[in-house]
Every structure is written in C-alpha cells, then in structure tokens.
Amino acid sequence: MGFIVGVVIGLLVGIAIIIGFVKLENSRSKLRSELANTVAAFARMTVEDSRKLLPPEFYPSWVVFSERQKLTWLNHHLTKIWPYVDEAASELIKASVEPVLEQYRPAIVASLTFSKLTLGTVAPQFTGVSVIDGDKNGITLELDMQWDGNPNIVLGVKTLVGVSLPIQVKNIGFTGVFRLIFRPLVEDFPCFGAVSVSLREKKKLDFTLKVVGGDISAIPGLSEAIEETIRDAVEDSITWPVRKVIPIIPGDYSDLELKPVGMLEVKLVQAKNLTNKDLVGKSDPFAKMFIRPLREKTKRSKTINNDLNPIWNEHFEFVVEDASTQHLVVRIYDDEGVQASELIGCAQIRLCELEPGKVKDVWLKLVKDLEIQRDTKNRGEVHLELLYIPYGSGNGIVNPFVTSSMTSLERVLKNDTTDEENASSRKRKDVIVRGVLSVTVISAEEIPIQDLMGKADPYVVLSMKKSGAKSKTRVVNDSLNPVWNQTFDFVVEDGLHDMLVLEVWDHDTFGKDYIGRCILTLTRVIMEEEYKDWYPLDESKTGKLQLHLKWMAQSIYRDS
C-alpha cells in the first residue's frame, strides 16, 4: 500500500514539475519575443519618434537633433567643378563687395580696392540643407556651409599721405547658413525666374591681415580699421535681409530686391540691477542698439555715470526690412573713457513678436552671449517701449492726422508710406503732447521693515523727470501696508519724453531712509487716458505701489 502511495505521489510531483517547467519556458519565450519586438521597434524608430518619447529637458547638452539633410553628393560634385565656380564667384564677389568697401572706407584710407581676388583651390563644404515652407510663389532652401580655404585676396590700400599698401587677407575660416530663394515660379524651364542669394546667418568669420613685404602694425589703427571695414562690407553686401538677385529668365525682378517695409520706434527707458564692472565706484553704463550691425545703423545712448540702475528715457528709430526674421539687439556697456568699453550684457527681441501699431512694453534679461542661452548669471534687465509701424496703406494702420477716434499717442505715432504721409511722419517729430497728469497714490503693500519694532513710516515723493516738478504724500506711521489716497496734478509740457518717478522713503526723526522706486513713462496713460495698476518697487526685495493715473491731453505743434 505504501508503495502505491509513493508511486502516486511521485507521479503527481513529476507532473507538477513538468507543468512548471513548461510554464517557465513559455514565459521566458514570451519575454524573449517581447524583447525582440522592442529591439526591432527601436531599430525602426526615427529621430522624430525619439523627440516625442523624451522631452527636451532629458537631453544631454551634446545631443542635437538636426533638421538638415546631408549633402555628401553635392560636396563631391562641387569639388570637381570648383575651378569654374572659383572664376565666376570671384567676379561676382568683386562686383558686389568692392563698392561697399569703398562706402565703408576708413578715414585714414584714401582708396580701398581689390588688387587680386581668387577663392583658391579648396572648395567649401555644405554640411546640411533644409527646405523652408510657407512661400507659395517660390522655393526657399537654406544650406549650412563651412569653408577653411586658401584664397588669394589682396587689397590695394592707399593712405591719405599717398603710401600704397598691398594687404593680404589670409587664414579665412567661415561657417554660416546661405539662403537660396527660387522665385517667382514660372511655366518656362527651369520653372523659376530668378535666384536670390543671401547669407542668412554668419556663425563664424575669422581672418588675418598682412602687409605684403611689411608689417601692418607699423601704421597704428590700420589693421583694426580695415578689419571693421571688411566685416561691415560683408554685412551690408550679402548678409540677410540683403540679397543678390540673379536673373535666370529675362524679366523685371525689382520686387525681389531689398526694400524697407516699416519703421521701428524704440524708447530706451531704463535698466536695473546691472553687473558692476568697476573695482572702485560703479559702472558708467550706456546702450548700443541695432537691427543690422552696421556703424551708421547702430544707435548709441548717452552715458549715465556711476549708476547700476540708469534712466535714459531716449527715443530711437530703425528702418525695418524684414519684420518676420529681423530682431532688435540691445547691448549695455560700461564706458571706460579712452579705453575699450566693457560689455555688461546684451538682449534681443524678435520683431515678429510686435503687433503693428501697438506699443509693447518689455523688460529684457541681459545675457553674456546671445548665441549661448545657458547663462544663469544675473546681469540685469533693460526696459524698452517698442512700436512697429509697417509701411503701406494696406496694413490696416490709418493715417494718424485724419482719424479723430484714435488716442493722442496713436495719432502721434502711426504713419504710412505715401509722399504725403511721409511728410506727416516728418511733422510727427515736431508734435508735443501736452496735458495734465493726475496721479493718485492709493496704497502700498509689503513695505520692507525699516526699524527695530518691525514697522516703517513710509511716504512717497513724486517727481517729473523732465520738468523737475515734485510733490510728496503724507507720512503713514507704523505701517508696512500704508494707505494714502492722495491725488497730485502735474502740468506736462511734453508727454512723449517725460517720465514719472515715485520714490518711497521711510521717515525718521533725524533723517530718512530710501526704500525703493517706480519709474513710469507716460506712454500707457496717454494711450489709455485712465487706468489703475500695481507697480513693484525697484531696488527693494519686496513692496509695491497701487496707483491711479489719468491724462487730460492737449496736443500742440512747434512752429517750423
């Protein structure tokens, strides 16, 4: 009997082991199959699939997803035909750049021309291409190009004293993006009328200068002047939005040439919390602004001495040639007198972010380099008011001098492009927006503690920047959230160029302590005529003011 029971138990255990083994094998087989499918799926993944799976914050800094296609085939064929391209391109470059070199010729130079110009035997390498969508009437390509060539470029330089110097341009290293626009599309072969060529982005342009048979440093300042002239010539002859239009089929292609499309008006208001570049005292900041980095198109503000929170309140105008791609660049420098100015920080804003005909009030964070966006150091901020005014009667912006329904500032600031309207634009600069500004200081909140009792005795000093008119509120004792509800009226002679400054002070028996300030242009109140808002205190960790502003305008004109 025991034997039979043992046999039965053995059979049951054996069957259980077999069943368990089969299930384990099936499970392992299923896992292997799933793993194989997963590996196969990864093998089929595209770059776009990877970008969908992982958000950008998980990418290492060295991972870059390129949208460009490789051009090995083009580089192979370009190497073969380069001797012919060299000859044709050299003539084209000479014809395009030489007049611009003469235009930007330094004052110490009497003439500046090309004595020799060939591009050498090394062909450039195209590292990628992409197609830009959105143009129904043409095809736009962008080509990444890198060139470390051996060109033979000699400039014929004649100084004011009559000395001729052959200056060789050597060791050229260039990296950039070229834009080719095939437009307009036509029915005749090759199906486009012209090709527009432009340098869309200049990533790197390095070169050295050498006097043939001499030393360029023998003439102080000549090397720097020639180098700046070359860079300006490249910028003004081929860099976007400038383009070279090459007709393929005979026709009128004047519409493809560069034309101004609008005007950008910029009010440089102020900056705050700038990095101090001086070991003794404070920096002496000034600003440079440009849309295209050319000498005559770059605007410079006045220098504010010994101030890390400068107030400029200056107005500048810039011609816009392509609002969809151009941007305004602001660079803040520390004025070092006879020495080279030191960069404090820079910022930029794309013009496509501006709504035509509407004033945009922005604070831009300053960075060390616009190309590197990982700068976390606090370099300060700059305050701008921007107004983009497109040219042309079809842009929806009406002539400001014939529309009574617009606000005062809109009547002053908007213009069009006809001759009559351009005359109005010139007249606009002589407009004075005069009126009465009514300011009600309502209250403040979260004023910083100023005394040992954990309280403050705040009051507000109001002043007009241009006229110097001043008023002040009463003192509210022992309060970090004071309420004043006091109204002050200021007669403003030129509202477009004046500013309201409100300083908050702590009253003490034997003096006063500065807490913070608010600086307001009159742009918003002139446009809206009346509003109420909160304003944070600059130069203070906490605190804000609630104000009610009202404008009663009377626009007049200077006699001209």
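Backbone N, Cα and C atoms are what each Cβ position is placed from, and that goes for glycine too.
Per Swiss-Prot, these features apply:
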TRANSMEM  2-22  transmembrane segment
DOMAIN    67-249  domain 'SMP-LTD'
REGION    227-523  region 'Phospholipid binding'
DOMAIN    243-364  domain 'C2 1'
BINDING   D278, D284, D334, E336  Ca(2+) 1 binding site
DOMAIN    417-535  domain 'C2 2'
BINDING   D451, D457, D506, D508  Ca(2+) 2 binding site
BINDING   D451, D506, D508, D513  Ca(2+) 3 binding site
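Here the features listed in Swiss-Prot are painted onto the structure.
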residue : record                : Cβ neighbours (10 Å)
D278    : Ca(2+) 1 binding site : 13
D284    : Ca(2+) 1 binding site : 19
D334    : Ca(2+) 1 binding site : 19
E336    : Ca(2+) 1 binding site : 13
D451    : Ca(2+) 2 binding site : 12
D457    : Ca(2+) 2 binding site : 20
D506    : Ca(2+) 2 binding site : 20
D508    : Ca(2+) 2 binding site : 12
D513    : Ca(2+) 3 binding site : 14
**Fill in**
Neighbours of D506 (Ca(2+) 2 binding site) among binding-site residues D278, D284, E336 (C-alpha cutoff 10 angstroms), in sequence order, are none
**Request:** Using E336 (Ca(2+) 1 binding site) as the reference point, find which of the binding-site residues D457, D508, D513 has the shortest Cα-to-Cα distance to it.
**Result:** D513
**Whole-number mean of pLDDT values that fall within the domain 'C2 2' (417-535)** = 85
**Request:** Would you list, in sequence order, the residues of this chain other than D451, D457, D506, D508 that have their CB within 8 A of the centroid of the site's CB atoms, where the site is the one recorded for Ca(2+) 2?
**Result:** Q450, K455, A456, P458, H507, K512, D513
**Complete:** Surrounding the recorded Ca(2+) 1 site, with Cβ no more than 8 Å from the Cβ centroid of D278, D284, D334, E336 and those residues left out, we find K277, S283, P285, D335, S341, E342
**Fill in**
Residues in the domain 'C2 1' (243-364) per DSSP class, helix first, strand next, coil last, are 9 helix, 55 strand, 58 coil
**Message:** What does the structure give for the C-alpha distance between D457 (Ca(2+) 2 binding site) and D334 (Ca(2+) 1 binding site)? Integer Å is fine.
**Reply:** 37
**Request:** Write down the Cα-Cα distance for D451 (Ca(2+) 2 binding site) and D334 (Ca(2+) 1 binding site), rounded and given in Å.
**Result:** 36
